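Structure first, then comments.
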Amino acid sequence: MDCYRTSPSNSWIYTTVILCIFGFFSMMRPSEPFLIPYLSGPDKNLTSEEMTNEIFPVWTYSYLVLLLPVLVLTDYVRYKPVIILQGISFIITWLLLLFGQGVKTMQVVEFFYGMVTATEVAYYAYIYSVVSPEHYQRVSGYCRSVTLVAYTAGSVLAQLLVSLANLSYFYLNVISLASVSVAFLFSLFLPMPKKSMFFHAKPSREIKKSSSVNPVLEETHEGEAPDCEKQKPTSEIPSTSGKLHKGQLNSLKPRNVTVEVFVQWFQDLKECYSSKRLFYWSLWWAFATAGFNQILNYVQILWDYKSPSQDSSIYNGAVEATATFGGAVAAFAVGYVKVNWDLLGELALAVFSVVNAGSLFLMHYTANIWACYAGYLIFKSSYMLLITIAVFQIAVNLSVERYALVFGINTFIALVIQTIITVIVVDQRGLNLPISIQFLVYGSYFAVIAGIFLMRSMYIIYSTKSQKDVQSPAPSENPDMSHPEEESNAIMSTKL
């Protein structure tokens, strides 16, 4: 049982390898692209209405209810127990998928899958407690890349087994169960961290900027920095008063430390969201992520509606693999694009939100399954491109701790929005719309997002132009004279 508490090695390489193996097998789930054909087929005999209006909404509700408690618990218990909990939830989910029957059982499946997605935060946060700051960027890149590779590999494997070997969907779920079981076993061998970002932080440690957190964050943003970056890092919460020394900190009751943590969280979030740039990028993140998750949750039902799996060959695995790969390429390519994001960022959000809306309208109006697949490819790739930019714009001037806070709150707000959409559009207690009409609503939703950010971008461009006109030197002045104030107001382009 020592594997729960100790590690055979303190090397960051050992930790990274174990974590990446866990990430690979937890995401290598070939059954996912064919979940709807499996549930609607002879194994489960569920109707489209039951899946859409009764079963799938449970995932959204459970994810929302579990997210905030899990975020707090993850830091308090120092990550590893939550990663193990995720592995257990994976196993329960697929055992119920394989051997459970009926709507109620599938609702329980969705609850445990909500637990899986809520505990996913531990996988990404774990590395910052066991890996030294100079390795943050590299390890973060490994952990994120391996999940994309695993999901793509699982989708390709599923398509090959279904199309060439005519394998039953049931056995795809058996393979997924075996994969997540391997992930659970490897989670037991992760080293137990001695510290965490907040509740078990070391007051004296140096805080690295989040430019070393994400592999796309390579340079410091040269525009206006939000005020929150100038404040004391959240990891120093127990000593924020300036009067608590180490000995006094150890004598504090846990309840008092917890109160200090929550108070500091509130102050940090208030300061961070006071930055207009961070606020608007976070606003797009929340609304777009809510819509994106909703599409992922219901797109297979739309495909089955356009081309029933019992009557025709389906290529869900190939489409998911292509979409994931295309999104990864788009996210990688944006790191080499020089754009003045301060000036044109909101315009980019508006333009690509129009693209998202158009792709969803295409998926609604077309009767051709291949056009529907194409719309999904465009939608997923453009979202992954934009979310990469949004992560950079939000995180570039924040400490690791404050980025984690903003990320958690943005995700929670996205879930609140998604829950509202689900209750109104999907749930049988709401409008209970058929799946095709739902995608018309989702397309309109992204069109509204595009309109909001188009107006915002035009305001920024007009304000910047007016400011430059006011600051322009008079014609009679010496053109060789330098103007420090003009240089300080120039907005530099940023290379991601």
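For all residues, glycine too, the Cβ spot is worked out from N, Cα and C.
Topology check against Swiss-Prot: Ile314 and Tyr403 fall in different compartments relative to the membrane.
The stretch in 54-74, 111-131, 317-337, 376-396, 435-455 that contributes the largest number of Cβ pairs under 8 Å to the transmembrane segment (82-102) is 111-131. When the stretches 8-28, 317-337, 343-363 are ranked by Cβ pairs under 8 Å to the transmembrane segment (376-396), first place goes to 317-337. DSSP classifies Asn45 (N-linked glycosylation site) as coil under the three-state reduction.
Spatially, the transmembrane segment (170-190) is adjacent to the transmembrane segment (8-28); three or more Cβ-Cβ distances between them are under 8 Å for residues at least 6 apart in sequence. For Trp94 (site 'Essential for pyridoxine transport'), the same-chain residues 6+ apart in sequence whose C-beta sits under 8 angstroms from its C-beta are Ser31, Asn173, Ser176, Leu177, Val180. The stretch in 8-28, 145-165, 317-337, 406-426, 435-455 that contributes the largest number of Cβ pairs under 8 Å to the transmembrane segment (54-74) is 406-426.
Taking Cβ pairs closer than 8 Å, the transmembrane segment (111-131) reaches residues 12, 15-16, 19, 22-23, 26, 58-63, 65-67, 70-71, 74-75, 78-80, 82-83, 85-86, 89-90, 92-93, 96, 139-140, 143-144, 190-191, 193-197, 213, 400, 404, 408 in its own chain, all 6 or more past its ends.
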